[in-house]
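**Q** Pulled these from Swiss-Prot:
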| type | residues | note |
| --- | --- | --- |
| BINDING | 3-17 | FAD binding site |
Amino acid sequence: MRVLVLGSGVIGTASAYYLARQGFEVTVVDRQPAVAMETSFANAGQISPGYASPWAAPGVPLKAIKWLLERHAPLAIKLTGDVDQYLWMAQMLRNCTASRYAVNKERMVRLSEYSRDCLDELRAETGINYENRSLGTTQLFRTQAQVDAAAKDIAVLEQSGVPYELLDRDGIARVEPALAGVKDILAGALRLPNDQTGDCQLFTTKLADMALKLGVEFRFGQDIQRLDFAGDRINGVWIDGKLETADRYVLALGSYSPQMLKPLGIKAPVYPLKGYSLTVPITNGDMAPTSTILDETYKVAITRFDNRIRVGGMAEIAGFDLSLNPRRRETLEMIVNDLYPRGGDLSQASFWTGLRPATPDGTPIVGATAFRNLFLNTGHGTLGWTMACGSGRLLADLIARKKPQISAEGLDISRYGNSREVAKHGQTAPAHQQ
């Protein structure tokens, strides 16, 4: 059985790998010249199942108003006049209740924990190396109010059986010695010892190499134009003016997924959350982080690779704008100087931006659609790296009609009440328009 995977980020590549392991004949198509060249290229590098949380949370609407007035705010909104932007933000606001937050976080943690287990198994089986570490994640709180607010997340961790440790200032210095000199500006921390780190782009490249050995074909530099459909089946995909056919189709185009699905009558509430990162060469390893640090105040992660520090985070709701905002670089540099002033050489840092495909409830869209041979693996937001292996394996099981190792409840697009609307055949814009 032939499967055509659209998109070669970490999600599409993981989908292809796990499908090939189950014996499918897989082809991956992407407009870029190689895998992981867009959102997967320079993300924060953290694999943090326990910190899998939706942006839509109680109190966020009021915080967002306050953040609009702050220079180093973790969230910024640039209104584009796009109706989809307004609809997505309205849906996000509806998810900012305590009850919906709990449901959404449980779904995210469920998939993230499974994904971490899949990654562990993959690493044990293949020895894949991607500058990975298994030294946990430490979430830093600068105020006592932040420490107190972590109680709701701890309750979900306990419910899900995720190990954690609350740290005082001395405890922070114990697990992250380079923070000993600045511990007085911190109120405490929450540490998840089972979390991991690694270079997502390097991982995806090596996973693609392993997929090639399983017979997966990668076709780069090709324009994915539209899906051809009739009734409840996909007939093929128009790629560079030619109709390509398969038995099953997987859409893993990140933020560009809705453009492909809209002509089919499928409304996928996926919208780009623009994020930024700095990659900083390490000059003093003893003054750099040992693993991943999350700064709760600025929503920024600082991650240790072998000889580099990756600083990533923030979110701009600004459509498909990929311009580099110098104020965001200023914020990232400020945080590094605040916590690790002697760890790396900021003058040699590389600055990057990417569009994370976010859903309004934070949970990705993984699973079947109203079309019998079309499957989705998209909408992972800031957690594509964390959820990649689990999402790919889950999707492969669903396509193979095998019982997944975790519950898929609440993960597919049907949770939005997404009944297919009548759509005109073949009328769509290129899925990769910018």
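Cβ coordinates are placed from backbone N, Cα and C, and glycine is handled just like the others.
Owing to the predicted nature of the structure, the values given are computational and were not obtained by experimental measurement.
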**Q** What is the total of other Cβ atoms whose distance to the Cβ of V3 (FAD binding site) is within 10 Å?
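**A** For V3 (FAD binding site), the count of other Cβ atoms within 10 Å is 25.
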**Q** Output the one of T13, S15 that, of all these binding-site residues, has the highest number of other Cβ atoms within 10 Å of its Cβ.
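**A** Going through T13, S15 one by one, the largest Cβ count within 10 Å is at S15.
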**Q** For V3 (FAD binding site), what is the secondary structure by DSSP, using just helix, strand and coil?
**A** strand
